[in-house]
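> Here it is, the structure in full.
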Amino acid sequence: MAGSALPLPPPPPLSLQSPSQNQTRHSSTFSPPTLTPQTPSIRSRLSKICQDGNPQLARQLFDAIPKPTTVLWNTIIIGFICNNLPHEALLFYSRMKKTAPFTNCDAYTYSSTLKACAETKNLKAGKAVHCHLIRCLQNSSRVVHNSLMNMYVSCLNAPDCFEYDVVRKVFDNMRRKNVVAWNTLISWYVKTGRNAEACRQFGIMMRMEVKPSPVSFVNVFPAVSISRSIKKANVFYGLMLKLGDEYVKDLFVVSSAISMYAELGDIESSRRVFDSCVERNIEVWNTMIGVYVQNDCLVESIELFLEAIGSKEIVSDEVTYLLAASAVSALQQVELGRQFHGFVSKNFRELPIVIVNSLMVMYSRCGSVHKSFGVFLSMRERDVVSWNTMISAFVQNGLDDEGLMLVYEMQKQGFKIDYITVTALLSAASNLRNKEIGKQTHAFLIRQGIQFEGMNSYLIDMYSKSGLIRISQKLFEGSGYAERDQATWNSMISGYTQNGHTEKTFLVFRKMLEQNIRPNAVTVASILPACSQIGSVDLGKQLHGFSIRQYLDQNVFVASALVDMYSKAGAIKYAEDMFSQTKERNSVTYTTMILGYGQHGMGERAISLFLSMQESGIKPDAITFVAVLSACSYSGLIDEGLKIFEEMREVYNIQPSSEHYCCITDMLGRVGRVNEAYEFVKGLGEEGNIAELWGSLLGSCKLHGELELAETVSERLAKFDKGKNFSGYEVLLSNMYAEEQKWKSVDKVRRGMREKGLKKEVGRSGIEIAGYVNCFVSRDQEHPHSSEIYDVIDGLAKDMRGDSFLTTLPTVTPSLELDE
């Protein structure tokens, strides 16, 4: 058994020449003599050839030896490892076991082979070597034990819980443990998430009078950062300072200490460590810049970046520029982005692809997707990341059609779609509510057998937004409890809310809690709109309390959702209180509050908050302008609204969308300036060919009794009716005819709707009782007590038809009610 070969997989193809080719090439300098293991210079020659980076020549020399000794086997194995060919090193070990069973392996053989196993992460081979050394090597040295520990640490993953103790067992079997063994053990505990134990073992090492090395601190600092104790961090860092310059000047230790304090949220201490470092390399600079970026100290990160590139002592690398690009992206300032782009271009003869990709991301996040596309088009060479970056930029900026076209072009250019491309495709399908593209993408995933983390949540979200909630439900139920992660639960909750199934929203939320899946900010932000839909402030308050207990109420998305919920539920005072208590505000928070003011007819407050938002340095986006224009419309602030509309185009360079045009049309129509609204829409030309825009105009005609204009608008709307359900507009026109008692016209409209197969959308009502939501649809029979409910309704209807009740009713004009 001891002499059996390793169970090795086939090696990857060598990027080396065949022996015959090499023999020809080196014929002038090398002709293998007849060698024996006793040739004095053979080991040194073999070692020298490997050191010179010519492992193929070393192999030819080794193959010429009839019976290599253990020392020569060790030399060739180590030589191939040093030349980054660990797979081939393992093959030499296997060959040694097969062809030279009587050649004894020593400590160097095993330690070298175990190193090759660690580098290839070949656990099966590593275990085989472990068995070999147990059978063949009676007294393993510390070098072998250290290599064995390192192999297991490298090959085992954190989830391999059944082999948690194997590293510890090897460690405990060592008679004399040096600092290398302790370091490996500490790193293993950190890797497997046992950070407290890692810190404890460091303390035991100190008590055993084993002096820690710089690597000891590099390994233990990440464990200290997880402890959330700055006091403990100060103790470990203070110990490192006491040990002297060898540790203080070690730049890996410095970088690790900077990261440790940053993870604890103590940025000032990170900066103190950085400033105390006299000789810094680029890794130390990058670590400190990265700390600033990750903690949103964006101005400081850019200042430090400028200081780094201005230093004559160091040369900035790609990571430095990537970190700076991330900072500029987060600041979302296009002008700063342009300056950074120009600066980077001056510092590189030819920009590396990775930096060009980061420039595309930067422009995209600054809201200048056309600049991103310009960078993309200027690239001489693109990789799959370049294509995915540009596709994602289009989708994230609302240019979903352009993103889809680029996917098609990407395939034409010979690039394969990966999971990142698929996520962009699914997002585009969700945004466009395009179920066909979504289904095709889903089918592609199934055909290609592609699986990636979060795939189910993307699919559920896509089908939900496309109105195919039943398919979403099937995917959710088919996944099983074990496979459902937090994102999957959130997608299903959000899907039910978006499709108006509020009772199922709360049902899934309860099941989520029962399965001990901890809700996060996305969960709460997804479920709060359901409270708005049923108008339940009490249920909203319960969720507000839940978010406070879970420390989620100050999350910017949860805070915005709470403001929105209270506003839509009619509790505008609660919405104001929530807004004022929110410490961190972004454009979403402001937009939600502005929208709330608008819905409650508080247009002046909405405009005041809009101005306050601008003064605070938060740039309003397209949605913010929709909110403030809506507020002006609801409050009749026409002049103010038109002024803001012009400001949007000229100052913020935001191109109006159909929603902005609808706001202006509605704004003019509400105050009776219907003809002016009509001229505005007509003047838009091709941009005005939007059903919602003309539908808004039709609503204004209904409000002010402009029947003649309504007929003109209806004719225009009919041109948009390409198999879509525009029953709402038809009903509106029919009701106008009914008010004018033009019954023939009413009948004509109804007949036309029936011929088209149009139906009035069914009304849906909900009521929350004792924490449970009961939903009702017109003529619904699904409720278990529907017969009793309809009996009560019939009784109420009879009472309402009584003489005493009818005398209190005003005279009304009949309106169109279609059969459901």
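Glycine too: its Cβ is placed from the backbone N, Cα and C atoms.
Worth saying up front: this structure is predicted, and the values here are computed from it rather than measured.
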> Among the residue ranges 430-460, 771-801, I'd like the one that Swiss-Prot describes as region 'Type E(+) motif'.
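Of the candidate stretches, Swiss-Prot labels 771-801 as region 'Type E(+) motif'.
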> Can you name the far-off residues of the same chain, 6+ from the ends of the repeat 'PPR 8' (317-347), with a Cβ under 8 Å from a Cβ of it?
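Contacts with the repeat 'PPR 8' (317-347): 282, 285-286, 289-290, 292-293, 296, 298-299, 301-302, 305, 308-309, 354-355, 358-359, 361-363, 365-368, 371, 375, 619.
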> Same-chain Cβ contacts of the repeat 'PPR 4' (178-212) under 8 Å, 6 or more residues past its ends?
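Same-chain contacts beyond the flanks: 142, 145-146, 149-150, 152-153, 158, 164, 167-168, 171, 219-220, 222-224, 226-227, 232, 236, 243.
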> Mean pLDDT across the repeat 'PPR 17' (657-691), rounded to an integer, is what?
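In the predicted model, the repeat 'PPR 17' (657-691) has a mean pLDDT of 86.
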